[in-house]
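Heads up, the thing below is written out as structure tokens.
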Amino acid sequence: MATYKLLLLPGDGIGPEVMAEVKRLVGWLDAQGIAKFETEEGLVGGASYDADKVSITDATMAKALAADAVLFGAVGGPKWDSVPYEVRPEAGLLRLRKDLALYANLRPAICYPALAESSSLKPEVVEGLDIMIVRELTGGVYFGEPKTVTDLGNGQKRAVDTQVYDTYEIERIARVAFDLARKRRNKLTSMEKRNVMKTGVLWHEVVTQVHQREYKDVALQHQLADSGGMQLVRWPKQFDVIVTDNLFGDMLSDIAAMLTGSLGMLPSASLGDTDPKTEKRRALYEPVHGSAPDIAGQGLANPIAMLASFGMALRYSFDRGDLADKLDAAIAAVLAKGLRTADLKSEGATVVSTSQMGEAIVKELEALHA
């Protein structure tokens, strides 16, 4: 049986609490002989700053580079608002993404039947929703140069951000999206703004070329990103996999997040290239939610997004889709029984703590393996 090297970076706020439930799950899988893990733990964010005056140490970064997958909790909080900008807690996550060369961000939006009433949309619109947004993570307007603010000398200033994409950046993110679509419902929607942006013209052109060369079996649709946002709210189940750039991906994935009813439910994966020597893809997995310092240490945090992020690691880093499917089923079963953390509480539901939710999911997984 293969041994998977896993680096756990709990971070700040509720990060350690939700990561504790991953440790519980990993321990159970190990004890049952279902999967074998070699786990290490490190500091990141404010916790790292408090200990070492940096948001992530070189030693922890070396562990991340050596791991098969990195599991990340959350960083930040008011405690560190006044620390120097270059060592702010969030800089630790940015360095991880940069040094691991993670360019593909995967954000699933799944609405479990038991939570359809929690969405702001009608239950029939979101029940059974299962879409994947693939966001390009290292290019575009967030990283393009020049990026300046110029004083024009007449009481006016001019701010400039630059949207830049090269062909190879679009090709590689398109391949990730097409490969995912092939394993799902064989449908990909590419979103850009080719009607007003030259990068949108190139994006449309390159995605079309990749489709024609390599993925003719996948149904490809092009859509303007603003229209896509509208359609996500109007009838989200029309989509399967959506691929888009950094800026639009940031916006569209947040729109999709709220279709599900709670940020506490949503995992994410950030993937790099596959090493041709080891055939391993560098990857970082994290919940979409933040550090929520206002509820930290109270047992109120929802661990499902963190556990589902580990599920994505099982699927994309460890090639254990069988286990990932069972974990998803266990989460759905627990929710169907009416167990809810505080963020999901509703009439008739049983409100449970962070650890009680994690324990219930592991017990359900145990029943599925019986």
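Just so you know, glycine gets a Cβ as well, placed from its N, Cα and C.
Long-range Cβ proximity for Pro89 (NAD(+) binding site), meaning a same-chain Cβ under 8 A and a gap of 6 or more residues, is found for Gly11, Asp12, Val44, Gly45, Gly46, Ser48, Tyr49, Ser55, Val75, Gly76, Gly77, Trp80, Val83. Taken from Swiss-Prot, the feature NAD(+) binding site applies to 77-90, 290-302, supported by sequence analysis.
According to DSSP, Asp226 (substrate binding site) sits within a helical segment. Spatially close to Asp226 (substrate binding site) yet at least six residues away along the chain are Lys193, judged by Cβ distances under 8 angstroms. Look at Swiss-Prot and you will find Arg97, Arg107, Arg135, Asp226 tagged as substrate binding site.
What Swiss-Prot records for Asp226, Asp250, Asp254 is Mg(2+) binding site. Using a 10 Å radius centred on the Cβ of Asp254 (Mg(2+) binding site) and all shown protein chains, the other Cβ atoms total 14. In the three-state DSSP scheme, Asp254 (Mg(2+) binding site) falls into the helix class.
Swiss-Prot lists Tyr142 (among others) with the feature site 'Important for catalysis'. According to its DSSP assignment, Tyr142 (site 'Important for catalysis') is helical.
What Swiss-Prot records for Lys193 (among others) is site 'Important for catalysis', and it gives sequence analysis as the kind of evidence. For Lys193 (site 'Important for catalysis'), other Cβ atoms within 10 Å of its Cβ number 21.
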Binding-site residues near Arg135 (substrate binding site) (Cα-Cα within 10 Å), from Tyr85, Asp250, Asp254, Ala292, Leu300: Asp250
Of the binding-site residues listed as Tyr85, Arg97, Arg107, Ala292, the one whose CA lies nearest the CA of Asp254 (Mg(2+) binding site): Arg107
CB-centroid shell, 8 A cutoff, Mg(2+) site Asp226, Asp250, Asp254, site residues removed: Ala225, Gly229, Leu247, Phe248, Gly249, Met251, Leu252, Ser253, Ile255
DSSP-derived class (H/G/I helix, E/B strand, else coil) of Ala296 (NAD(+) binding site): coil
